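Enquirer: Take this structure, written in structure tokens, and hold onto it; I'll ask about it next.
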Amino acid sequence: MRVLFAGTPAVAVPSLDALVEAGFDVVAVLTRPDAPIGRKRVLTPSPVAARAAELGLDVIYAAKVDDAAIEQISAAAPDVAAIVAYGGLVPPAALAIPRHGWINLHFSLLPAWRGAAPVQRSVMAGDDVTGAVTFQLEKGLDTGPVFGTLTEAVGPEDTSGQLLERLSHSGAVLLAQTLSAIETGKASAVPQAGDVSLAPKLTLEDGHLNWHHPALAIGRQARGATPEPGAWTLLDGQRVKLDPVRLRPDVEDLAPGALAFHGKSVLVGTGSHAVELTRIQPAGKKMMAAPDWARGIGSLEGVVFE
């Protein structure tokens, strides 16, 4: 079966590999154009583009699926298209090209967390279980019927990055299985059922910790925002990045945002009990262990995160 693969970030690479390893004829790879990366803003291929080049696959570069991209997709003559985090909408004209349509691997248990940041929103919401589904892409936002589902437990210390890494590999297997079922005529899709929730892309502000919130909510927010956009706070008006924090229910006498040593640990007060800082990146400096940073300051008396 001739397959068009569409994807851009690193989480899509395991799916591309899985389809190639399963023996599908990947006739083309659709990905977003090279983007400037790092402080020097060097134009860099997407992880999917780089992997496609290693595999010797034809690549279609498109920031959006416009007329030019549609022409290239049509020329590739795919029987089906598999899409994993491509980063753009697929218009009806493109949806109609493959005879089996487009099959999307989405990292949530639809209809929960429809949108661009399902794993991050799931962690922030405190879900105990999430997962991934393969579904038929259609005009609506993640609304199509579901072919396959897998579940994944959300650990108490999981960041969105760690959870997404696991789902990217288990989801790749699910995607290959779904395409195999389609190829053999054994696939069946069922309409989505259940409560709908939305997962819009995270903004920088989504990582801004509010120390008046309960510690549990702050911990979830920090884990959900890691690695991107990153958890952060303000200190003397400057943005300070933070790694995920640890809950410290044994300490309840710190005011929200106030810092203090507790043995060798650095604690911050919240709206409930304290949390322990793990690593911190002050403005203009590298990430470092929180106790090392605090010892460099000297006294933490009067030091307050905003």
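Using N, Cα and C of the backbone, Cβ positions are placed for all residues, glycine too.
Pulled these from Swiss-Prot:
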type: BINDING; residues: Ser108, Leu109, Leu110, Pro111; note: (6S)-5,6,7,8-tetrahydrofolate binding site
Enquirer: When you average the Cβ positions of Ser108, Leu109, Leu110, Pro111 for the (6S)-5,6,7,8-tetrahydrofolate site, which other residues in that chain have a Cβ within 8 Å of that mean position?
Expert: His106, Ala112, Trp113, Arg114, Pro118, Gly131, Val133, Asp142, Gln192, Gly194
Enquirer: Please report the three-state DSSP label of Leu110 ((6S)-5,6,7,8-tetrahydrofolate binding site).
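Expert: For Leu110 ((6S)-5,6,7,8-tetrahydrofolate binding site) - judged by DSSP and reduced to three states - the answer is coil.
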Enquirer: Which has the fewest other CB atoms in a 10 Å radius around its CB: Leu109, Leu110, the listed binding-site residues?
Expert: Leu109
Enquirer: What is the Cβ neighbour count of Pro111 ((6S)-5,6,7,8-tetrahydrofolate binding site) at a 10 Å cut-off, with all protein chains included?
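Expert: So the number of other Cβ atoms within 10 Å of Pro111 ((6S)-5,6,7,8-tetrahydrofolate binding site) is 19.
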